[in-house]
Amino acid sequence: MTFARSSRSGLQDTIAAVATAPGSAGVGIVRVSGPRALEIADGLFRGKRRPSATPGGRFLFGELHADEELLDEGLCLVFRGPRSYTGEDVAEVQTHGSPAVLSRVLARTLDLGARLARPGEFTLRAYLAGRLDLTQAEAVLGLVEASTETARRQSALGLSGALSERVAGVARALTRTLAAIQALLDYPEEGVPDEDRAAPLLGAQSALEELLASAHAGRISTRGARLALIGRPNAGKSSLLNALLGYERSIVTPLPGTTRDYLEAGLELAGVPVTLVDTAGLRETEDLIEAAGVRQAVALAGNADLVLVLEDGSQPREPLPTELPPTATVLRLRTKADLPAAWTDPAALDVSAVTGAGLPALREAIGAALLGDATRGEAWLTTERQTDTVRRALTHVQAARTLPDDLAGYELEEALHALAELTGQDVQEDVVDAVFRNFCVGK
């Protein structure tokens, strides 16, 4: 493997950092990792046994001292390499979680010879020690940042190695096919049978296409989605926004044109972090301010992941006065379903912001529209880096299916290189730094 110089530097140092979030809490953790971790813990911790004399996987209760000054009481957890998170000797000190206590405990570890860890350096060391591959390291960050159950579940799958295993299955098929091609090219006089490569390459292509199709759901589940509420004045946009939120966020009146500027509100829908955008009603108007709001609404629809087009089901149906961007993904709603229907449309969902009728079905429809056909029980691609490597691998496999053996072999080598980059087995010098740059100190 190839690593960036900045990733390799200082790997023999013993590092320390606060591993819990800033602010006051019941418990705080200071993590120390490296060749002198247990020696440094000896200088900080006083109990019935020294950390350096304690087997791995044990914890001690005692006092934390800076020379003769008592800092706090707490626990010291001992992990011995290579059976630790980083693959090195690790001491984790658990104290009361006040900033003052954690600051003094961390300062004491630095006085005893530790260096302040860089962002993500503990997980970087786990990766370099072979405890994690690069997709699992990215999943660690995903778990730290997960704000919804879907994001948590996907990150947990990634950390378990589920994504790596999906990739490994494709890589094994490509490796076998490449070996057969190389045998044909290297020993034609031996009469090596021409193994049919069409079926395994088609299978690999299908697997990569399925994996690539999960990228949209992976991005949505981690970064969130924007939903624009679009419709004529008094179609019920603001009422629906309030109903989905469960509280009054947007002003609702019977007067057309009440909403002139857009309004945003966040919530979780179908396990996805969603930003709802309430927009101005679409109509032709001489009012300059309202006209600006209409133009803005159309622009917001073009930038949304999903557009909810609301039409008043209690009034004669009218087409929108403005066409939506052709790239918009649209979900049509027939609103005010609690009132007598002036029209019906099986392609539109019936909803009522007053009674709540249709809202559960709407939430399910939003989830289906955002997550598509991605199988919830399988690991998805969740980062742009992962998506790019799979896209490159797919391009090379598609090319290999149409080329003669010598050129097909080259394409398969490139596909395998892309998959190895995905898991971090063969990675460019700047990729590792780019991944770990997003981590916080202490992880």
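Note: Cβ is positioned from N, Cα and C throughout, glycine not excepted.
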To which of ARG31, ARG36, ARG197, ARG385 does Swiss-Prot also attribute binding of (6S)-5-formyl-5,6,7,8-tetrahydrofolate at the site defined by GLU92, ARG131, LYS443?
ARG31
Treating G and I as helix alongside H, and B as strand alongside E, what does DSSP give for the domain 'TrmE-type G' (224-371) in helix, strand and coil?
38 helix, 36 strand, 74 coil
Which residues, in sequence order, are found in the same chain with Cβ within 8 Å of the centroid defined by the Cβ atoms of ARG31, GLU92, ARG131, LYS443 at the (6S)-5-formyl-5,6,7,8-tetrahydrofolate site, excluding those residues themselves?
ALA19, SER33, SER84, TYR85, THR86, VAL90, PHE122, THR123, ALA126, GLY442
(6S)-5-formyl-5,6,7,8-tetrahydrofolate site span - longest C-alpha distance across ARG31, GLU92, ARG131, LYS443, in Å:
18
Do you know offhand how many angstrom separate ARG131 ((6S)-5-formyl-5,6,7,8-tetrahydrofolate binding site) and LYS237 (GTP binding site) by C-alpha?
50
List the Cα distance (Å, whole number) between LYS443 ((6S)-5-formyl-5,6,7,8-tetrahydrofolate binding site) and ASN234 (GTP binding site).
50
Would you report the average pLDDT that the model assigns to the domain 'TrmE-type G' (224-371)?
83
